[in-house]
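As given in TrEMBL:
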- A:Cys98, A:Cys101, A:Cys138, A:Cys141: Zn(2+) binding site (BINDING)
- A:His130: Fe cation binding site (BINDING)
- A:1-22: region 'Disordered' (REGION)
Number of protein chains: 2
Amino acid sequence: MILKKDAENSFEAVSKGQPKPRLTAGQQSLLDTLQHQPQPLSAQALYGVMRRQQPIGLATIYRALETLKLLGLVQHRVTLTGETLYSAVEHDHHYLTCLQCGVSVPLETCPVQELAAQLQGTSSFRIYYHTLEFFGVCEGCEG
Amino acid sequence: MILKKDAENSFEAVSKGQPKPRLTAGQQSLLDTLQHQPQPLSAQALYGVMRRQQPIGLATIYRALETLKLLGLVQHRVTLTGETLYSAVEHDHHYLTCLQCGVSVPLETCPVQELAAQLQGTSSFRIYYHTLEFFGVCEGCEG
DNA sequence: TTGCAATATGATAATGATTATCATTCCAAT
DNA sequence: ATTGGAATGATAATCATTATCATATTGCAA
Ligand SMILES: [Mn+2]
Ligand SMILES: [Mn+2]
Ligand SMILES: [Zn+2]
Ligand SMILES: [Zn+2]
């Protein structure tokens, strides 16, 4: 996927002709940070990253992430340890995870893109993102 | 998917030629219960269900679910509210969930079956199950 | 069978990520 | 400038899950 670098507000790219929400400085800053991350991050990790550029309270980060999710700008996934990781919706990656040691290997392709577009028309939902993950046991953990 | 009704120990059906683990009475009972559920259940919900048939401590249920997961007999998914739901691996269903009200609509098809089999050969992992979920906003929550 | 070591179980305390509170600050529109 | 509503931050509370630890079972050898 091609991203316009440093769009002043990437909302345009996602929502077309919908009620336009104004992001606060903090939300915008958080979104920018997220869009520049190569990996999904937890709320607490984001708290640490923002700390150096634009300090934002942890509670506010959780609230902002929720808001951005509802706007279709941010997506989430939950790790085996129970922490939620966030990333920009443009970040469409999936993993193969070992149930034993927890190691995650990224997949190269996303076989769901088509179905997502198809569902978009079929269902009455407006679809923002999806999660796809495979679980099993890695070679090293083979018992 | 067709299920042999009341297999004495469905492990055979999943693991072929691997070190055969003996499930304890509680684990077996829990697995049976899970295989008869039409919907994924949380550990606590299972605790409530087992209560009437074969009382098992909550901690033991969590441990058993973890064990069954490692054996490739049980799968899990995490809801928006953060609770983990468990189901027998035979239960291959996916959902379209509203980020606002949390309602989940089941999908009819699983477009990942093939890729899973393919990955099985490509990767060095032994793949047990996968999760696939679409997130968006339902018609009623449309803002 | 009997005895023991390894494993499983239950009750309960502890953990930790997330959420609820609430006082304060910001913001937009009179 | 004034004001009502939304946003923020610090912090307490929540609650699903884990860690403990004492007790009960199980598997196996003597
Ligand atoms: Mn994808
Ligand atoms: Mn599937
Ligand atoms: Zn592993
Ligand atoms: Zn909804």
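The backbone N, Cα and C atoms fix where each Cβ goes, and this holds for glycine too.
Caution: TrEMBL annotation is automatic and unverified by curators.
Recorded features from TrEMBL, shown on the structure.
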{"residue": "A:Cys98", "record": "Zn(2+) binding site", "DSSP (3 states)": "strand"}
{"residue": "A:His130", "record": "Fe cation binding site", "DSSP (3 states)": "strand"}
{"residue": "A:Cys138", "record": "Zn(2+) binding site", "DSSP (3 states)": "coil"}
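The subset of binding-site residues A:Cys101, A:His130, A:Cys138, A:Cys141 lying near chain B, with Cβ atoms under 8 Å apart, consists of A:His130, A:Cys138. Here the binding-site residues are A:Cys98, A:Cys101, and the one whose Cβ sees the fewest other Cβ atoms within 10 Å is A:Cys101. Of all the Cβ atoms in the protein chains shown, 24 others lie within 10 Å of the Cβ of A:His130 (Fe cation binding site). Between the candidate binding-site residues, A:Cys138, A:Cys141, the densest Cβ environment within 10 Å is the one around A:Cys138. Spacing of A:Cys138 (Zn(2+) binding site) relative to A:His130 (Fe cation binding site) is 24 Å (Cα to Cα, whole number). In the vicinity of ligand 3, defined as a Cβ distance under 6 Å, the following of the binding-site residues A:Cys98, A:His130, A:Cys138 are placed: A:Cys98, A:Cys138.
Nearest Cα neighbour of A:His130 (Fe cation binding site) among the listed binding-site residues (A:Cys98, A:Cys101, A:Cys141): A:Cys98.
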